[in-house]
Amino acid sequence: MTDNTVEVGAAGTLEWTIEAEDCIRRGDYDIFSTPRMVAVIEWAAIQGLAPYLAEDQESVGTRVDVAHLAASLLGQKVTVEWKITAASGRRVSFEVAVADEQEAIGRAEHDRFIVDIPVLEKRLQNKRSSLS
């Protein structure tokens, strides 16, 4: 990691406009799907953790516990508010709240692990080689 120790309590916001690829069709409506909500939650956490990483590091998701509370429609804007709640070594935990313009639509607890890119790439290369 860089000299920047991950700051518990750090928080931020990500805004997202729901597009067609974010949706699932239900009757006459295109609604924000749970898998895409999880992806946006992860993206917000990735961005929140980025300032604490060295150039040769990245973070990987290790756990997402999500509640999808309400439907949002294609074209709506959602706001994802994240907060770092714990940091121990390379493990970082987040609380995340997701809302559209009208109501809360989701909440999550999310954990990420900081990895060294060269080490990860070597492991993936070894795994790929074993598939041949």
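For all residues, glycine too, the Cβ spot is worked out from N, Cα and C.
Curation does not apply to TrEMBL; its annotations are automatic.
Database features, via TrEMBL:
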ACT_SITE  Thr34  active site
ACT_SITE  Glu42  active site
ACT_SITE  His68  active site
BINDING   Gly61, Arg112  substrate binding site
BINDING   Gly61  CoA binding site
DOMAIN    29-116  domain 'Fluoroacetyl-CoA-specific thioesterase-like'
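For the recorded positions given as His68, Arg112, the lowest number of other CB atoms within 10 Å of the residue's CB is seen at His68.
The shortest Cα-Cα distance from Arg112 (substrate binding site) to any of the active-site residues (Thr34, Glu42, His68) is found for Glu42. The separation of Glu42 (active site) from Gly61 (substrate binding site), Cα to Cα, is 7 Å. Look at Glu42 (active site): DSSP puts it in a helix. Under the DSSP three-state reduction, Thr34 (active site) is assigned to helix. Look at His68 (active site): DSSP puts it in a strand.
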